[in-house]
Amino acid sequence: MSQSLIVALDFPGKQEVEQFLHHFEGEELFVKVGMELFYKEGPAIITYLKEKGHKIFLDLKLHDIPNTVKSAMRSLASLDVDMVNVHAAGGSSMMKAAIEGLEEGKQEGKERPICIAVTQLTSTSEAMMKKEIGIEKTLEEAVAHYAKLTKESGLDGVVCSTLEVPKLREVCGNEFVTVTPGIRLASDDVNDQVRVATPKRARELGSSYIVVGRSITKAENPLEAYKTVKQQWEGVTV
């Protein structure tokens, strides 16, 4: 199964995670652990998932003063997760400090986790960004600005919507990682996200990774839903 397809484990606790992963016995997934699950279960949930052979994107979106973020990243790297993130709005000094913390905390003999920055949440519309956040640029311009700053700060890539990926390829190059949430099958509700796309569209626009939650986790048959998403994402029959 594809390692560029990340399944969002947006569950309240370990019991629900176990029930969900029962559908994937013997498979090694790339999963996302967010705030709700990590704050409830703590580092033990990371240990559990690593023992199952899964890769982990720990999605905590750190945003604080540089020294605090550096210390936090040092701790997160020691958990042997595969990907972490910060908010690009925290600035260059904070992002550089995040990398320093990851380098200091990584396990011996292993590479540091991939570190990406959130540009704008996929729940943010351009009108909201201008009115409530006070950024007068277009949404694409704001995302491109943050992405360029992220790259200059030494991070590996950004979280963004699929719609911004082509512009970021122009600004930051093809090696720059783009992780795109807001992925839905055409038959699904968009829920609380504004900038959404299908797996096929994400592939066409050039996303590096896609993050898929409810389309898989809320499906009657999660494994079949996963295979459907994978087929659309990779453009192959599974």
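Just so it is clear, glycine is given a Cβ too, placed from its N, Cα and C backbone atoms.
The substrate binding site annotation in Swiss-Prot covers D10, K32, 59-68, T122, R184, Q193, 213-214, and the record cites sequence analysis as its basis. Taken from Swiss-Prot, the feature active site, proton donor applies to K61, supported by sequence analysis.
All features noted in Swiss-Prot, drawn onto the structure.
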residue	record	Cβ contacts under 8 Å, 6 or more apart
D10	substrate binding site	K32, G34, E36, L37, G213, R214, T217
L60	substrate binding site	G34, M35, F38, L76, V84, N85
K61	active site, proton donor	M35, N85, V86, H87, V118
H63	substrate binding site	V69, V86, H87, A89, G90, M94
P66	substrate binding site	S93, M94, K96, A97
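Over all protein chains present, the Cβ of G213 (substrate binding site) has 21 other Cβ atoms lying within 10 Å. Under the three-state DSSP scheme, K61 (active site, proton donor) falls in the strand class. Around T122 (substrate binding site), a 10 Å sphere centred on its CB holds 24 further CB atoms from the protein chains shown.
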